[in-house]
Every structure is written in structure tokens, then in C-alpha cells.
Amino acid sequence: MSFDFIKDRDKKVHFIGIGGISMSGLAAVLLNSGYKVSGSDFKESEILKKLRLSGADIYIGHSEKNIKDVDLVVYTAAIPENNPELIYAKENNIDLMNRAEFLGNIMKGHKYNVAISGAHGKTTCTSMLSNITLKANLDPTILVGGELDIIGGNFRIGSSDYFITEACEYKRSFLSFFPYVGVILNIDADHLDYYKDIDEITETFGQFADLIPNDGYLIGYIGDSRVKEILSKAKCNTLSYGFENADVTARNITFNEKGCASFDVYKHNDKLFDLTLSNPGEHNILNALSSICVSLIFDVNYDDIICGLSECKGAHKRFEYKGEVNGVTVIDDYAHHPVEIKATLNTSKKIPHNKTFCVFQPHTYTRTKTLFDEFTDAFFDADEVVLMDIYAAREKDTGLVSSNDLGVALRAKGVKCTNVHSHDEALEYLKNSAKPNDLLLTVGAGDVVIVGEKYLNQGK
């Protein structure tokens, strides 16, 4: 079916899994546009409370009773086929649309759609580009997979033709989009519960590039060989970025005491400007370059680019400073893939401190199993790893892999690693181990952040 964002405002739309960061953003867009919205999720959250206050009917738990008076049901790729609401909608011919198709239909109403894809960095790049376009008064609509202070959440309703969103490759979701500008930050082995291998993933990114019209643009990181190949085959305009041999490059790079980079931005051999980022880490130089490329396509003033990037605080859970207690600094990061973990720990090295305690919570059994060897090589920059049980998310424990297995493998490679089985057990270990001027990182896409929050609240 199709959905017309302008003409279908008399419809009531129900979201299965409305508490998710992307689904809640879509629901909020509809609520702000006058739609009747309902949704269900398996547990209460701050996101659900906000949606209630905005007028949504929220149900805790999934039941066919929740959708008896709705016109359209939207669901995510993570919703299982045996979900009672999904079954009822199919049996009773209620219109169904997955999240990606629904977002794609909303995008149809905009001319300058920017879809930011890649295994890592999507939210940060979207955050940077959001800052720039807001500084430039482009008045974009924004949907992002994280909370941004500058827009007060994970969405913004604009009144222009500019639409900025993340584009996830999971279950080929981004193939439902209509990009005018497509960004490929990187390609990596992930979501192997769905894809056969990295070659199939790369093929899907190539299909994403093919969605861009001939007068549109594909932007990609030249240092990733798979992205480089897709750029070379693109039928649309292309713009590459990287540290060398790219259209847009960063040169003369230095880092300050907070781990934030200063560098000169060049297009070919012409220096455009210099800037200092407020987001730490070498990987954020690349994220910044990707957002600069988009900005150049839209002829954004250099001063707005510089201001947008220098003031960008990034999204929550992206190397997010949470606080300090007893001289121990606590930082939370969403990293859940070995490449991301390495980047996070590398960033931490640029900040003056004594020991780094990395509290890591593996995310899904499939990812832990398929990338097991890569995980065992991801923690060498941590002084100590506190390893929590695997966060199941959408999966069930098959008994094929556990955090204990990962702990054994890490210790065999010389990593100091302690397995814990609850937030409180992790907290007690850290209270007895962390000392003034140490750095405590909570790392993962589950609920590991609770450990850091409890650590900061000790004694209160």
C-alpha cells in the first residue's frame, strides 16, 4: 500500500514497538502533524511518557485488542512474525507497512532527501549535518537514531524541502527510501543474522546507491575499499572524502587535551577553511568530512559549516560525558561492534587519565557469535574490561555463545577481564577498583548505561 503524509491525516496509525528510537520519532512526526497515533511496546520508558504527553495512546504489552480501531499498522524489521498485533492486522486486512516503507512514503514529499548509511557513525554524522543545516537556516526535517539536544529529541519538523535521516541496511530497510543525496560512511560485517556475508551486504549498499537519481549525489569514504568500488560504479554525481586521495580531505591534523581534532579542510588542492571539532576521536574527523560534503552540495556558507561543527555536541550515548564522582570520569558510548569499540577506546587514549575501565555489554547472541574473534581483538586499549551478560534484544539464548566464553578468550589474549552478571555486581567491582583520575566507560547498545548512572549516584 501507499501512504500520503498530506492527504491521509484522518487515519489512525498504530506503531508496534513504538518505544524504539526510530519508531518514536516517526510517531512524534505524525502527532505533530495532527494524526491520531497509538502504539505498543513491551516495557515502560521515558520515550513512551513523552509520547503520551503528546497525545498518543500507549499500551504496555502486545495484544490484538490494541489495534481494533486503527487504519494503518506500522512495524519494525525486529518484530517477529508471531506478534499478536501483526497476526491480527493480517487476518483482518488492516493496512500494514514496515517502518522503512513508511519513512520512505514521508520522504516522497521532500525534494532534497539526505539518507546517511553505513555500519558505523550514522547518528553522529546526522547530528553534525543537523547542526550545520540549522545554522544555515535550511529548516530541515530531521529523523535521527539518537537524542540530540539541539532539536530536543530524535526528530524535528521543518517546513522546507530538506529532509535528513539515517538509513539502516538491516533487512535492506534503506532500499525503501528516496535519496537525493546518499552517504555511505563505511561497510562492515554486521547484521549477520540476516545477511549471508560481507559480499551480500556490499551488494545491498550498491543497490542503495542505485536509488539516487542521475542529478543526485553519492558521498562516500574513499578509505573503505568497498565504498570506493561503489563510488566508481555510481550513475549519479559523486563526492569522496578521506585523509588522502579524495575530493574532500582533512590535513594538518592535531588533537587537543580533550581528544578533539583541529584540521584544515581541502577540496582537491584548494584549502576551504580550518576548524576544531567538539566531538573527540579520529573517527569523528571522517564523520565531519561526510557532513561537509553534503553541505558543499547545498552551497552552505563556510562560516555556517564551521560554526555547526565546532558547536556540535553530538548525540546522546556517543562518547557522552555523564559526570564525575570521586575523581572518576564516567562516559557512555553506544559502540556494540568491534570496529566501534576500537574507535571508542582509541578516543579515550587521547584524554589524560590513569586507567581505563571498560564495562562492556555484548548486544545480541548472533553478533557475539559471528564476530567472536573480532571481539577478542577489540579491547587491547582498555586497562580492565568488566564484561556483562549478553543483552538479548530481539533474540533468544541458543546456548551457542555466552559472555563467559568471551571472557575466557579475552583473558587468554592477556586482557584483564572480569565477568559480572548484573548491574549491581558491576557497580560493586568498580567501587572497589576505580581510583581518582581513572576513566569509566560504559559501552554497548543495551542497558549498560545503568552501571555508570548507579556509579555516579553512589552515596546520594
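In case you wondered, yes, glycine gets a Cβ from its N, Cα and C as well.
Quick look at what Swiss-Prot annotates:
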type: BINDING; residues: GLY118, ALA119, HIS120, GLY121, LYS122, THR123, THR124; note: ATP binding site
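Structural mapping of features recorded in Swiss-Prot.
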residue: GLY118; record: ATP binding site; Cβ neighbours (10 Å): 25
residue: ALA119; record: ATP binding site; Cβ neighbours (10 Å): 22
residue: HIS120; record: ATP binding site; Cβ neighbours (10 Å): 22
residue: GLY121; record: ATP binding site; Cβ neighbours (10 Å): 25
residue: LYS122; record: ATP binding site; Cβ neighbours (10 Å): 26
residue: THR123; record: ATP binding site; Cβ neighbours (10 Å): 24
residue: THR124; record: ATP binding site; Cβ neighbours (10 Å): 28
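Within 8 A of the CB centroid of the ATP site residues GLY118, ALA119, HIS120, GLY121, LYS122, THR123, THR124, the other residues of that chain are ILE116, CYS125, LEU185, ASN186, ASN287. The secondary structure of HIS120 (ATP binding site), as reduced to three states from DSSP, is coil rather than helix or strand.
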